Amino acid sequence: MPIRNIAVGRPDEATRPDALKAALAEFISTLIFVVAGSGSGMAFNKLTENGATTPSGLVAAALAHAFGLFVAVSVGANISGGHVNPAVTFGAFVGGNITLLRGILYWIAQLLGSVVACLILKFATGGLAVPAFGLSAGVGVLNAFVFEIVMTFGLVYTVYATAIDPKNGSLGTIAPIAIGFIVGANILAGGAFSGASMNPAVAFGPAVVSWTWTNHWVYWAGPLVGGGIAGLIYEIFFINTTHEQLPTTDY
């Protein structure tokens, strides 16, 4: 059971060079992702003069996030694992694949990366507002909470299957693009309802810079619950299950 693998970590882990390098990689990857994702939203608002979101705008946001995450995961994969998301880090922790102390270090780096990215966007665009995540009209808090759980479950499950599972083999080479694809697909599905964050860091940066905290807990609780469930399920039922090829039969 993965519960046996959960570890707090050694006290000096947060100051080890490899851990600090991994945290820096998470900071840079998250910054790259948020600049692309939030920046695409700001560009849409500028082009439409803050007009209503359109289907084409949703597709553009999905593509920007998918492409941005593909790159962000790729450049960080060999250093930190390319989490780029506190929910992914939490899912890895509950599955016993990262220690608590290293996970906290990742969280700090991811949150700082998002805040710095949003500050850069605000400055580079001449003070344009950085849009914070929020619920669409007619969408209740519980609806959004469940949506974020389900979408993040799909994301973290994909991370486990393509990047964390030691049995992934050659599948690991397409992990970044698979992770980017599931995020883009989830934005197409949930963007019109909750904004499809799936990532507490992505929601945190814009909330800090715009100082907008309405229903912000949804974008923490939903992804963390979904990521944790995905980590437990995959670790319990798939990573610890071996597969043996059936013997060949002569006919």
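Glycine is no exception: its Cβ is also placed from the backbone N, Cα and C atoms.
Curation does not apply to TrEMBL; its annotations are automatic.
Keep in mind that this is a model prediction, so the values were computed, not measured.
Here is what TrEMBL says about this protein:
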type	residues	note
TRANSMEM	22-44	transmembrane segment
TRANSMEM	56-75	transmembrane segment
TRANSMEM	87-108	transmembrane segment
TRANSMEM	115-135	transmembrane segment
TRANSMEM	141-162	transmembrane segment
TRANSMEM	174-197	transmembrane segment
TRANSMEM	217-237	transmembrane segment
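The transmembrane segment (217-237) makes no contact with the transmembrane segment (56-75): fewer than 3 of their CB pairs lie within 8 A, with pairs spaced 6 or more apart in sequence. Among the stretches 56-75, 115-135, 174-197, the one making the largest number of Cβ pairs under 8 Å with the transmembrane segment (22-44) is 56-75. Contact between the transmembrane segment (115-135) and the transmembrane segment (174-197) is present: at least three CB pairs lie under 8 Å, with pairs separated by 6 or more positions in sequence.
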